[in-house]
Structures are given as C-alpha cells and as structure tokens.
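Working notes for the structure below.
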Amino acid sequence: MKTAFVLACVAVLTVAGVCQAGDLRKNFYRTSCPAAERIVKNITETRVASNPNLPAKLLRMHFHDCFVRGCDGSVLINSTANSTAERDAIPNLSLTGFDVIDEIKTELENRCAGKVSCADILALATRDAVSVQFNKSIWEVLTGRRDGNVSLASEVLAHIPSPFLNFSSLVQSFKSKGLTVHDLVVLSGAHTIGVGHCNLFSNRLYNFSGKGDQDPSLNSTYAAFLKTKCQSLSDRTTTVEMDPGSSQNFDASYFVILQQQKGLFQSDAALLTDKKSKKIVGELLELTDFLKEFSQSMKRMGAIGVLTGNSGEIRKKCGVINS
C-alpha cells in the first residue's frame, strides 16, 4: 500500500511541495498525544448526533482539501488582508464544518500543544463522522500529516473537479492526483450523502445544449421532479438531495439510482458514458462491496500530496498560519 501512496504523492509533488506519503502510519500520536484519536472521535460523534448533515459536510471539505496542494489542511486557513485563501474561492464558499475542526483543535491543544496537525484532524473527523451510522470505523486513517502554510483561492478552480465535467476531464483530474478511474467511480459514491445546489445542475433541466433543452441522459421523471424544486437557472440557494430519500444514509443507493439515470450532476452521469466506469458502477450496487472499495480509495485520497517529517508545520489554530 505504501507504493500506491508514494505514487499518489509523486503525481502531485509540484503542487504540494514536499511529499512523503510513505511516512504516514497507524497511531502516529501514540506517544506524543495518546488520546488524540479518541478526542477527535468523541467530539465528532457528539456533533453528528446534533447535526446529521455533518458527515457529508466534512467529507466534502476533506476532498476539497486533498485536491488542492494535497491533504495539508490548507482549506481550513482564513483569508487575510493580503491574501485570499482557498476557503473563500467560489467552489468552497458553501463548505461548512470549520467550527467542528476548530473545537477539536482547541481541545487537542489543551491536552498536548503543538502535536496534532489540522490536516490529520480533518482526515480523522471525516472518517469518524461518516462511520457513526455503522458504529465502527469504515476506513483506516493513517496519520502523520503536517499542515501546509500556503492557501490561495486562485489555485482552487484548477484543481477541484467541476460538477459540469465530462468523463475524460474527470479522469484527467483524478489522474493528476495519482488516482485511477476506479477511484473516480468509487469516490463519486460519496454523493450518496449530502445535497447539491440548483445552479450546479439546473442547466441539465433548462438549457443543456444552449437551446433551452433538457439533458436527454437524465431520467425524465426525475427531471420533472427536479424542476419542481429548481424553477430557474438563476436559483443559487435551493438545494436538493444528491441521493433522493437517502441523503443522510451512507449506502450504495447512489450507484443504483445512477443506473436509473438519476445522477444529479453531469459529472455523475458521465460515469455511464465509458464502458470501464459503467462496469465499475455495476459492481458497487451492494453496500458491502461499496464500503470495501471506498475504504481503499479514501486511504489513497488521504495520502495525496501530504507533508510529513519536518515539512510544513503544526498550526496552533487551524485557521491561522503560524509564521
């Protein structure tokens, strides 16, 4: 598995700077902060109990962090008077859950100051949040990431895959991070939880090819339903479930509805336009199969462009660079 991590690292070396994914390991904080993972888990589970939408929020934040400069916690950094940070780039304006990461960081700094990175907190909290419904961890998070000290809004659009992308563009985006077509399909399954804003797919309902038409690859009954929710191209506030009727339940139904041509985004529908990816979709219809593959793909994603050893820093506050 280390080999796969190193390959993923090499692919994004020019973006992430220093990268030593092979240095990630189990229980990195066993000596320096023995209670670290338990603290992350306890706070996360408490917050999920009061906000069942949190798993989807943290999963999206973790993804957006890893795809820009690697999994270095740079998405958590606040903008300053002199620099607009990643979190204020257009694709990240709807990210939420920063307060959860801040709460965890505050507690960890009280227990063992300067030991646990914000990047690791985000990776662990994401896993713990999604795992709540299963009462067990559904993927392993290796630790030892350090925090980046650069966060630029200007870098985000080029690295976060757009929901409007076609299959070849999606493949290229994931390939640039050392991820495969298989990872692309499996990680798209994260859309089994959460919601999507109307403006990210309403073109499929009202103006798909610029002629006031509907996307012919979208299930017509589902399209009619979506039109009752999103009534114009200009609606930027309304949200709909990405996995209808199951948006708070992490399951394999995303792949079931995808086969019914009910994928919400063009990037979802794109997975059916390639023979290889369409076959993979058909192999993930059962929860046990999906969870097994999701576990592996999340480990690979969580190793993209990581900073380890003496690279980067351990931020005192996740929103502020130390120096």
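Cβ atoms here come from the backbone N, Cα and C positions, even for glycine.
Curation does not apply to TrEMBL; its annotations are automatic.
TrEMBL lists H64 with the feature active site, proton acceptor. What TrEMBL lists as Ca(2+) 1 binding site is D65, V68, G70, D72, S74, E86. TrEMBL lists H191 with the feature heme b binding site. Feature annotation from TrEMBL assigns Ca(2+) 2 binding site to T192, D243, D251. Per TrEMBL, the feature disulfide bond maps to C33-C112, C66-C71, C118-C318, C198-C230. Look at TrEMBL and you will find 23-322 tagged as domain 'Plant heme peroxidase family profile'. Annotated signal peptide per TrEMBL: 1-21, in sequence order. The site 'Transition state stabilizer' annotation in TrEMBL covers R60.
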Given the recorded Ca(2+) 2 site (T192, D243, D251), which additional residues of the same chain have their Cβ within 8 Å of the Cβ centre, ordered by sequence? G189, H191, I193, S246, S247, N249, F250, A252, S253, Y254
Name the one residue among R60, S74, C318 whose Cα is closest in three-dimensional space to that of T192 (Ca(2+) 2 binding site); these are the recorded positions. R60
How big is the Cα-to-Cα gap, in Å, between D65 (Ca(2+) 1 binding site) and C71 (disulfide bond)? 6
Quiz question: given the binding-site residues D65, D72, E86, D243, D251, which has the greatest number of C-beta atoms lying within 10 angstroms of its own C-beta? D72
Identify, in sequence order, the residues in the chain of H64 (active site, proton acceptor) that are 6 or more apart from it along the sequence and have a CB within less than 8 Å of its CB; answer 'none' if there are none. V75, E86, P91, N92, L95, V156, I160
Spatial neighbours of D243 (Ca(2+) 2 binding site) among the recorded positions C112, H191, C318 [C-alpha, 10 Å]: H191
Compute the C-alpha separation of V68 (Ca(2+) 1 binding site) from C318 (disulfide bond), stating it in Å without decimals. 16
Which recorded positions (C33, C112, H191, C198, D251, C318) fall within 10 Å of D72 (Ca(2+) 1 binding site) by Cα distance? none
How many Å separate the Cα atoms of C112 (disulfide bond) and C318 (disulfide bond)? 15
Taking only same-chain residues 6+ apart in sequence, whose CB is under 8 Å from that of C33 (disulfide bond), what do you get? L108, R111, C112, K115, V116
Same-chain residues at least 6 apart in sequence whose Cβ lies under 8 Å from C230 (disulfide bond): C198, F201, S202, L205, T238, V240
From recorded positions C66, S74, H191, the one whose Cα lies nearest C318 (disulfide bond): S74
